[in-house]
Amino acid sequence: MASRLTPLTLLLLLLAGDRAFSDPEATSHSTQDPLEAQAKSRESFPERDDSWSPPEPTVLPSTWPTTSVAITITNDTMGKVANESFSQHSQPAAQLPTDSPGQPPLNSSSQPSTASDLPTQATTEPFCPEPLAQCSDSDRDSSEAKLSEALTDFSVKLYHAFSATKMAKTNMAFSPFSIASLLTQVLLGAGDSTKSNLESILSYPKDFACVHQALKGFSSKGVTSVSQIFHSPDLAIRDTYVNASQSLYGSSPRVLGPDSAANLELINTWVAENTNHKIRKLLDSLPSDTCLVLLNAVYLSAKWKITFEPKKMMAPFFYKNSMIKVPMMSSVKYPVAQFDDHTLKAKVGQLQLSHNLSFVIVVPVFPKHQLKDVEKALNPTVFKAIMKKLELSKFLPTYLTMPHIKVKSSQDMLSVMEKLEFFDFTYDLNLCGLTEDPDLQVSAMKHETVLELTESGVEAAAASAISFGRSLPIFEVQRPFLFLLWDQQHRFPVFMGRVYDPRG
């Protein structure tokens, strides 16, 4: 029976609007975030030599990862105190005097100092560029390479942020592509410091004109991304954002109704339909004052290159200082590119899949060298070097044994974003390009992933006997390991995580 890997990912982001002091004439009153975003990695990512590829046998298609992402914006009824920030704004321009020629200046020494005493100056609105649905040909040519490098850097940063919020020696799975897609859609309507801080977190170049077009181009035969916007009737979304979102993300905004239960069913139904019903309930509840929901779903479909052995086997797996017996899947001819990495002190193996996708496993080599030691040594530079070396390595028929995997991972994303030193969702959110409402705040953000790797993906497959010499390469996975689902065409991780207990 051939094997199937089915990761599913959910991301829920709740945003609230603080209307306790909102000025109906104002468009934004955000202040500069005092925290500096962390530095970006600028390592270049080299091209791959795909001159060798093993023949692909006829194998029935299997189901692979599914990802869903949601942002929910609600009206904030907690009355957040922010009058101090608001009072620092200048008076409206209409209240400032315009001195006529020849009129003597006011005597500041004899009159109280007021706004009318100040010289007339043009008011400066917060920087809020309109969403760009077009980019130049010259920018488009280099945008995919920039995006793949940025996604790689972001994925490694995100891995460490997730790991820092998880308990030691626990399973973990997430989709960097899903989270980046969500944040990039937020970036489409971001202004001022929120825009620059998002660019920094995502490792994007400043004013990356073609990022949305490039992200749209990363949807291929094996990776499909779809988006949808839901909003309340009383939320005024800018036409420029609606048009750009339709052009770039293929979503026409849908209006929510007055019934929260009906809205909840509407949103969860959309998620289920766009994740092949792998994710049936993204939201457990929906606040009655919800004003905006942004959704993103990523669906992957791939198949193994070679069928696995139909017989079932149990084998030992090292878990928490003891050995446990877990179901294993095996193949005597699976195409694997592998090498030992001295920096990580780990064996790296790349399992070839269809649609230019691959499953990469990093497992410690020495018994005393644990997975946490591998994680500590992993940084964007090391990660890119590993992927480059894999690109130059040949896929050879290999005796492969690896466990059936079931991983469920749920994560509060606000804590992850704070580990990344991004605080705008909590303190200073500026979405002036999305709506004229200046008072939005994130109240919750959640990411959920389910990863399943089994042998039940294909009903029937042809078996063929092939004899190999004693020098057949071996790749065995019997210890906790790090994994990623790699898009070989666009060179970025779609899913990442670690497995301590294959049983889930």
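Cβ atoms here come from the backbone N, Cα and C positions, even for glycine.
Residues or ranges marked as signal peptide by Swiss-Prot: 1-22.
The region 'Disordered' annotation in Swiss-Prot covers 22-67 (among others).
What Swiss-Prot lists as compositional bias 'Basic and acidic residues' is 39-51.
If you look up Swiss-Prot, you'll see Asn75 (among others) marked as N-linked glycosylation site, on the strength of sequence analysis.
Annotation comment: Swiss-Prot describes Asn83 (among others) as N-linked glycosylation site, evidence class sequence analysis.
Feature annotation from Swiss-Prot assigns region 'Disordered' to 85-141 (among others).
Annotated compositional bias 'Polar residues' per Swiss-Prot: 85-124, in sequence order.
Summarising the annotation, Swiss-Prot assigns N-linked glycosylation site to Asn107 (among others) and lists sequence analysis as the type of evidence.
Per Swiss-Prot, the feature disulfide bond maps to Cys128-Cys432 (among others).
Per Swiss-Prot, disulfide bond is recorded for Cys135-Cys210 (among others), and the stated evidence type is similarity to another entry. Annotation for Cys210 (disulfide bond): spatial neighbours Cys135, Asp139, Arg140, Ser143, criterion Cβ-Cβ under 8 Å with sequence separation of six or more.
The local packing around Asn243 (N-linked glycosylation site), expressed as other Cβ atoms within 10 Å of its Cβ over all shown chains, amounts to 13. Sequence annotations record features per position, and here Swiss-Prot assigns N-linked glycosylation site to Asn243 (among others).
Counting Cβ atoms from all protein chains shown, Asn356 (N-linked glycosylation site) has 20 others lying within 10 Å of its own Cβ. In the three-state DSSP reading, Asn356 (N-linked glycosylation site) counts as coil. According to Swiss-Prot, the N-linked glycosylation site annotation covers Asn356 (among others).
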Query raised in the report: Judged by the number of other CB atoms within 10 angstroms, which among Cys128, Cys135, Cys432 is the least packed of the disulfide-bonded residues?
Result: Cys135
Query raised in the report: Compared by Cα position, which of the recorded positions Cys128, Asn243, Cys432 is the closest one to Asn356 (N-linked glycosylation site)?
Result: Asn243
**Report entry** Between Asn243 (N-linked glycosylation site) and Cys128 (disulfide bond): CA-CA distance (Å)
**Finding:** 16
Query raised in the report: How many Å lie between the Cα of Asn243 (N-linked glycosylation site) and the Cα of Cys432 (disulfide bond)?
Result: 15
